[in-house]
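Scroll down for the structure; my scribbles are underneath it.
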Amino acid sequence: MVSFGGLARKIFGSSNDRRVKTLRQRAEQITALEKNYENLTDEQLQAKTAEFRAALAEGKSLDSLLPDAFATAREAAKRVLGMRPFDVQLIGGMVLHERGIAEMRTGEGKTLMATLPVYLNALEGKGVHVVTVNDYLATRDAETMGRLYNFLGLTVGVIKHGLDDDERRAAYACDITYGTNNELGFDYLRDNMKYERAQMVQRPHNYAIVDEVDSILIDEARTPLIISGPLEDRSDFYNLIDTFIPPLAEEDYEVDEKQKTAIFTEVGTEKVEKLLEAAGHLKGESLYDIENVAVVHHLNNALRAHKLFQRDKDYIVRNDEIVIIDEFTGRMMPGRRYSEGLHQALEAKEHVTIQPENQTLASITFQNYFRMYNKLSGMTGTAATEAEEFGNIYGLEVLEIPTNLPVQRIDEDDEVYRTVEEKYRAIVRDIRASHEKGQPILVGTTSIEKSEQLAERLRREGIKGFQVLNARYHEQEAYIIAQAGVPGAVTIATNMAGRGTDIQLGGNLEMRVRQELSDVPEGPEREEKIAAIKADIAQLKEKALAAGGLYVLATERHESRRIDNQLRGRSGRQGDPGRSKFFLSLQDDLMRIFGSDRMDGMLQKLGLKEDEAIVHPWINKALEKAQKKVEARNFEIRKNLLKYDDVMNDQRKVIFEQRLEMMDEEDLTETVAEMRHEVIEDMVILRIPKDAYAEKWDIAGLKQDIASKLNLDLPVEEWAKEEGIAEEEFENRIKEAADKAAAEKAERFGPQIMTYVEKSVIMQSLDNLWREHLVNLDHLRSVVGFRGYAQRDPLNEYKTEAFELFQTMLANLREVVISQLMRVEIVREAPPEPQLPPMAGLHIDGTTGENDFDEAIWAEHQHDDRIVPPAQRDPADPRTWGKVSRNEPCPCGSGKKYKHCHGAFE
């Protein structure tokens, strides 16, 4: 029975269909211009860029230029790349220009499609970023598509690992910049740790097109980019805690795979308490006393490391390091580390060198980084299942772009077996049958461990010539995946490894030329060999087509339908035939976690025998229902995390904007005066509360504050004895004295040096306090969840307390800055050590018995204003001190070493 909604869609079409229809009409208008542009010479076509830029300067909009700009880019692509964007690619290009996400099937030409909106938006000269998932794709696309942009007079840069700041600055200054999401995000964080605007590498965030947008904005949304610095080494402690976990019995802990949590039971808590007590690490009477918060945190991390994280699935051990594996792509993520001690717990578990824990210096999530762009769009093969999330969080509408040719892939129903062993036997049988008839096969697995187990089975069964593509062999990824379409090829791949590289039936011409002709120079011989490779690929393609096209065989369903759809989408590109099938067992993670017990009972009642599978559309629907539940739960988690991160993000914006303002300021006198006055007001109100009786005044405390925060000695005791004096008069007198001292210092330093000193002190203090604030916010976030048990909203509690922490940080900033500026003095560099005659230091005056060594030096350097004899130093005037050795007693008379007194502020 057709629902009313279904009936309406049949009559009127879906909103997606109606939108595509409108855009198709615009695409036809662009195609109508094609003849005119074909008749232009190269020079006339190239001149269009200057023509469009002049029109923009006169006030025309990008939208008004779109038809002609797209027609120009299409004609340039035909001439430079030998490729003509189809009308569906024009439609996709318009979606990208209009802040949308273009869902385009694998092999339909997303990379070429992106050149149209990239060219149009680059005309403004504000910078366009094309974001990809790895350095290989960024470099490949920048080189290939760069030829098109260069032909049209635009500059192209690429951001990749290993570039220095000058190279990065040059790449960002280009009209078009290709780079990975990680590199762009880290450059933003590093820029906001710089002290001069000239040192920064990025321009303001104008327009970004994110390739594989679902991977970056959904799968990686929960992973923050963190720049951190090392703390003290605590490897012995991690190793000790790790020894407590292996002896535990199942009754000692509970693991919830659905929620991905592991906790100690009451029995387990008692056991580890005894172990900690024996090791001398238990403070107080109970493990959960406040003094043991850090110990509990490390114990929980050790339990998670052992019971939730699996080697070769979640991470691998390589070169004495734990390398995280991306759960969505199966790729290694070198350089990425779990935070808050979890990575160290994994290192202890695997007995590799434990790296020191890190303190966060700066962090941002991809969600908040990409929301900074004035205009954002994306493209992928699979986004429709996450359309709600893209709309809610990023304000991006997903549009499914029709394929240029009808899809001929056959998606078969899942085969469900009772055990993993039965499932793998069926997979091997199916691979053998397809391999023998010459059909190329892509086998999708969910982890490195499972891909290698399957490879071992194929070896035992005598199936040869297969390739394993997983995080261990990341370097060969593109080549292996490009050749997966050769007849009879068997490629075992973890999840979406090789994403971004097409699987072309018969093989990939570009890859084969690169591999086979790398040492053959340009010329007739090379052309002849390329022609031979083309003919060979065409012949192999015919064989692959005759065998049924690419067969995607999946060994397990993923939690997300989108990941399954990505795998399916590798087959049937550009109208080619193909097929896909999922092999499942009731022992698979998804089935086991989401209620396979009922299904197992049902299959037993049906009398399912060993090695028999059940195949029915109902099972597919039941699995999709389970996946939808997981997706909805993950969306809620990401949405909730974003609400918390938005609190920090608002504070981050304020701090980073303040830093930028500081960089641009040429005179900070007023800013510093305001800070100084606020510090004085806070100081006075604390010690002399408004309307309080004189007996309640803390004059001794006020005097101490003035000395420690303002470096002044004021007669506040005398002022307090005056008749009728109130807190306002105290404030005014202290401000007047502090302003006078600051003005004298500014006159001594000169305006240029004073501004430099003020800027340095403010920015360094701001950075240090911001780092401490990030740690405080992390701690607050880790405990605020428990407020829910007291019927209080954890998010509101977090917002309130995070704001209070922020206010405290700003108050501390004022105090630290003013305290340092009131003490700072310029000390000129000491001259080179004087060359003294031998034994000069032992020459003692026979009359007085004093060593005249010091006097000899002063005599020799009496015209050098950097060295002042101790006798001529005025303790109250640092200007008379000259160069003071750091280990010398401080000339102020405090009794401390210089480096611990006035020298601390140099």
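Cβ atoms are placed via backbone N, Cα and C, with glycine included.
The following features are taken from Swiss-Prot:
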- Gln89, Gly107, Glu108, Gly109, Lys110, Thr111, Asp502: ATP binding site (BINDING)
- Cys890, Cys892, Cys901, His902: Zn(2+) binding site (BINDING)
- 868-887: region 'Disordered' (REGION)
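With the fewest other C-beta atoms within 10 Å around its C-beta, Thr111 stands out among the binding-site residues Gln89, Thr111. Each residue contributes its Cα atom, and for Cys892 (Zn(2+) binding site) and Thr111 (ATP binding site) these two points are 69 Å apart.
For Asp502 (ATP binding site) paired with Cys890 (Zn(2+) binding site), the C-alpha to C-alpha distance reads 71 Å. Shown in sequence order, Gly92, Ala102, Met104, Asp211, Met379, Thr380, Gly381 are the residues of the chain, 6+ apart in sequence, with a C-beta less than 8 angstroms from the C-beta of Lys110 (ATP binding site).
Gln89 (ATP binding site) sits 74 Å from Cys890 (Zn(2+) binding site), taking the Cα positions as reference. A straight line from the CA of Gly109 (ATP binding site) to the CA of Cys890 (Zn(2+) binding site) spans 72 Å. Compute the center of the Cβ atoms of Gln89, Gly107, Glu108, Gly109, Lys110, Thr111, Asp502, which mark the site for ATP; besides them, the chain residues with Cβ within 8 Å of that center are Met104, Thr106, Leu112, Met113. Among the residues the record lists as binding ATP, namely Gln89, Gly107, Glu108, Gly109, Lys110, Thr111, Asp502, the two farthest apart have Cα atoms separated by 17 Å. Taking the Cβ of Gly107 (ATP binding site) as reference, residues of its chain lying under 8 Å away and at least six apart in sequence are, in sequence order, Asp502, Gln504, Arg573, Gln574, Asp576. Cβ neighbours of Glu108 (ATP binding site) (same chain, under 8 Å, six or more residues apart in sequence): Val88, Gln89, Ile401, Thr403, Asn404, Arg573, Gln574. Comparing Cβ neighbour counts within 10 Å across the binding-site residues Cys890, Cys892, the minimum falls on Cys892. According to DSSP, Asp502 (ATP binding site) sits in a coil region rather than a helix or strand. Comparing Cys890 (Zn(2+) binding site) with Thr111 (ATP binding site), their Cα atoms are 67 Å apart once rounded.
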